[in-house]
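Colleague: Once you've had a glance at the structure underneath, I'll fire off some questions.
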Amino acid sequence: MKQTIKEIEMILQSVTEPDDPFVKKCQQDERKGVQALLQRWKKKQEELMAEKRRFEKMMVYEKEAQKQGFQYVAGIDEVGRGPLAGPVVAAAVILPENIFISGINDSKKLSSKKREQLYQEIKNEALAIGIGVVGADVIDEINIYQATKKAMNIAINQLSIFPDFLLIDAMKIDTPITQRSLIKGDSLSVSIASASIIAKVYRDRLMMEYSKKYPEYQFEKNAGYGTREHIQAIRKFGPTPIHRKTFAPIKEYIHNENEK
């Protein structure tokens, strides 16, 4: 008795090799439904191979460091330099050498749903993750550039495994650890891309919590960025304790209030 198309579909889900005997068996099955299943399976395998090649390309800088004798390569990225409210958040991620997580990319290129999925996968697979959070008060005190570097150093110090090499997205930080700065690193390095996803999801969740405390500012939608509605809310209600007083719209509001 022939297997049903549903049974064949279930078996194909666990087949990964094109020369698998089951694939050959399907090729000899003349039923249109089986041939359609086989075509979909082949397309899926081709997409997976293309994704693996893309992933390998994004592992070049990690592998280069490992060839030089470095054991623990940490990717570092930040989220939240531009918003008018909330902290700047940095993440540091150390991944295993032979890892593959499908879909990892610069967090800005991913949907919210995909970021959440990858956030969990990275947390499950990473050797170590560190997160650094620097709030608006410190940003106002030392400026956003210095606050970003501070967040990155905090993230490194939060790692349970101390890294011996750092891959950083477009920055250099004060540390004795060997480092390499990559422009658009979150598109070039798996470790930096992973850090960008961790930092983005972590910060978005923080801003969701702040939105419950300060609902007028719609932080759940704008994550603290200067949308039209957000700026209107600042003008109407004034800044909150998590607003950055040295950033233009808030600075302007405070100046105007003092002039009254």
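Quick reminder: no glycine exception, Cβ is built from N, Cα and C everywhere.
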Colleague: According to TrEMBL, Asp77, Glu78 bind divalent metal cation; identify which of Asp164, Asp169, Asp174 is listed for that same site.
Modeller: Asp169
Colleague: Suppose you had to name the range TrEMBL annotates as coiled coil; which of 3-30, 31-58 would you pick?
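Modeller: That would be 31-58, the stretch labelled coiled coil in TrEMBL.
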Colleague: Quick one: among the binding-site residues Asp77, Glu78, Asp169, which has the most Cβ atoms sitting within 10 Å of its own Cβ?
Modeller: Asp77
Colleague: Please report, as numbers and ranges, the same-chain residues at least 6 past the borders of the coiled coil (31-58) whose CB is under 8 Å from any CB of it.
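Modeller: The answer is 5, 8-9, 12, 15-16, 18, 23, 100-104, 188-190, 193.
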